Amino acid sequence: MAAALRLAVAVTCALVLASACQGLQVGYYKKTCPRVENIVRAEVKKFVYKNAGIGAGLIRLLFHDCFVQGCDGSVLLDPTPANPEPEKLSPPNFPSLRGFEVIDAAKDAVEKACPDTVSCADIVAFAARDAAYFLSRLRVKIDMPAGRLDGRVSNASEALDFLPPPVFNITELVGSFAAKGLGIEDMVVLSGAHTVGRSHCSSFVPDRLAGAPSDIDSGFANVLRRRCPADPTPADDPTVNQDFVTPNAFDNQYYKNVLAHKVLFTSDAALLGSPETAKMVRDNAYIPGWWEDRFKEAFVKMSRVEVKSGKQGEIRKNCRVVNHGHHPHNKHY
């Protein structure tokens, strides 16, 4: 009975391409491109071991891709005369989003092995997974499903509409994640990615150091004032580590920083803004392995947001541009 039911569901999915039938699966390419995950991992490893910040960038790249048009590689598209303002040029992404050259290198290597088979969207998901693996000193092992297609639409204004800015309070954060089908715990757990990476001073100085007093630790605020101009401008906007304690380790230190009021963003401090989320912060901070286990689940859940299937997407030959004309290898979707 179970097998018959599975078959019926699969047939229905093929017919209706409903969002509930997203059809992503672990090992999706095992017949069509069996080495793809090893190929991507080898490229990510090269870059991350040279510069841990690139790893943080790759984790952020998946988040910024998935929250706008779903996990479809839309954040990778370069400006063109027809579309001069794609997502990657939107203020939440430019100039801070990085890791594009890793995706290019991985795509080139994958195309050599299996032309026209693996989507850029899947490569972004694999690369983010691998970055978390290396930065966590191989502790965060994620089974990343695949089968996403690449989207053809990329619009800078949508990045402003959907990406939660660093000034959000707890209610706004919960709403922003709920709009993408992610729950309160997903939001708290995914915020833990701020345990790696850097932030421009302009993302927190006006809100946390300049205006009305915030709950930021005064000693920490003084450290930040020494690193950041009082009024950052595009010409004078240095970056600082998001986690001053273990800046390149993908670990649960972020939650200890939240509890100590030593975090950069209003949206970080906001996690103490409700009893429910404050308890989650404490659990993530104090129970060994708790955050890592939940992060794996929430990260995969995020990687399934609004994925494209069927005629909604394609497999891009070059991650920076949409394909032109009908692509012979895309017909089997």
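For all residues, glycine too, the Cβ spot is worked out from N, Cα and C.
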Next on the checklist: With the disulphide bonds as TrEMBL has them, who is the partner of Cys319, out of Cys114, Cys120, Cys201?
Outcome noted: Cys120
Next on the checklist: To the nearest Å, how far is the Cα of Thr195 (Ca(2+) 2 binding site) from the Cα of Arg60 (site 'Transition state stabilizer')?
Outcome noted: 12
Checklist outcome for this item: Candidates Cys114, His194, Asp243, Thr246, Cys319 (recorded positions); nearest Cα to Val68 (Ca(2+) 1 binding site) turns out to be Cys319
Next on the checklist: Going by Cα-Cα distance, which of the recorded positions (His64, Asp65, Cys114) sits nearest to Asp251 (Ca(2+) 2 binding site)?
Outcome noted: His64
Checklist entry - If we check Cα distances from Cys71 (disulfide bond), which of the recorded positions Asp65, Glu87, Cys114, Cys201, Thr246 wins as closest? => result Asp65
Item to check | For Glu87 (Ca(2+) 1 binding site), nearby residues of its own chain (Cβ under 8 Å, 6 or more apart in sequence) | outcome: His64, Val68, Gln69, Ser74, Val75, Leu77, Asn93, Ser154, Asn155, Ala156, Glu158, Ala159
Item to check | Cβ neighbours of Cys228 (disulfide bond) where a neighbour is any other Cβ within 10 Å | outcome: 22
